[in-house]
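Undergrad: I'd like to ask some things about the structure below.
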Amino acid sequence: MTTNLTELLNQYRKDSRCLAGFNINDIYDLHAVTLAANELDLPFMAMTYPPVAALNTTYLCRKMIDGFQNIAKNKIYLHLDHSTSVDLCKRAIDDGYDSVMIDGSHFDLATNIAMTREVVNYARSAGVTVEAEIGKIMGRGVEAKFERDFLASVSDVVAICEEANPDIVAVGIGTAHGFTSTQPKIHFDRLREIAASISHPLVLHGGTGIPDEDIQKAITLGISKINIGTIVHSTYMNCVHSEISKDIDSAYPPVIMKNVISKVQGVVKDRLLAINPHLAS
Ligand code: 13P
């Protein structure tokens, strides 16, 4: 199978398969995700949120993936997640990211389309995949205020595809970022309508809180990439916290991080199996 990301995701859309994207922050969680993906012989997407790219630089994030590619059995795709900045997308493209998300979903449609078009034009010659977003992914903080109008409208999805031509599209269909007090209600009918209107691979955000059967149903309806973040960093932080609480004075990072890697690896493997149930033995 091809390793070109856009081609791979188009093939996945046709075959009702799905690539897992994990939000990573450093070499320890990246190490854990790589080991889990190796166990199941799967490629994956390593996604950096803008603060991670800002802290480590897009240049070093690229080098970090290049290093881990040497121990990965399959391709690791480096992705910039939820960038609201066109300039940051351009910097990531210049530094060799495989994929960038320009998130104009908080703006009006015309602005979202204009931002997406600018990134698509910049990315094309570099062969970088561009993800756009229509509708809103709910969650905490500012996202908690999206009580209405968060669902992606079919006509908006068609408009951004026709006018800005992104490679893949994230669609707001009721999922939420992070742990939520109530289970998100996923609007499968809307997903069905969107998938019938465009052939682009569709992306589902908020992977932490989605039950396994809903993940699998969404894949049959056109979801070709699922983003998973909170479960990774919360497992990481909880493990660090419990380890250093035992005896802070003798806490030695390589010993602690070895435990963190193993805990995160287990959680990531579990999510990979939810996305690929046929691999469960
Ligand atoms: P969760 O944090 O809910 O897993 O969502 C991650 C995400 O959608 C990143 O784009």
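Glycine too: its Cβ is placed from the backbone N, Cα and C atoms.
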Undergrad: Which of H106, H177, H187 does TrEMBL put in the same Zn(2+) 1 site as H82, H205?
TA: H177
Undergrad: What is the interatomic distance between the Cα atoms of D81 (active site, proton donor) and H205 (Zn(2+) 1 binding site), given in whole Å?
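TA: Their Cα atoms are separated by 10 Å.
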Undergrad: At the level of the C-alpha atoms, what whole-angstrom distance separates H205 (Zn(2+) 1 binding site) and G178 (dihydroxyacetone phosphate binding site)?
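TA: Cα-Cα, rounded: 10 Å.
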Undergrad: With the Cβ atom as the reference point and anything under 6 Å counting, tell me which of the binding-site residues (E133, G206, T230) are near ligand 1.
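TA: Only G206, T230 meet the Cβ criterion.
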Undergrad: Checking the contact step here: among the binding-site residues H82, H177, T208, N227, which have a Cα within 10 Å of the Cα of D103 (Zn(2+) 2 binding site)?
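TA: Of everything listed, what lies within 10 Å of D103 (Zn(2+) 2 binding site) (Cα to Cα) is H82.
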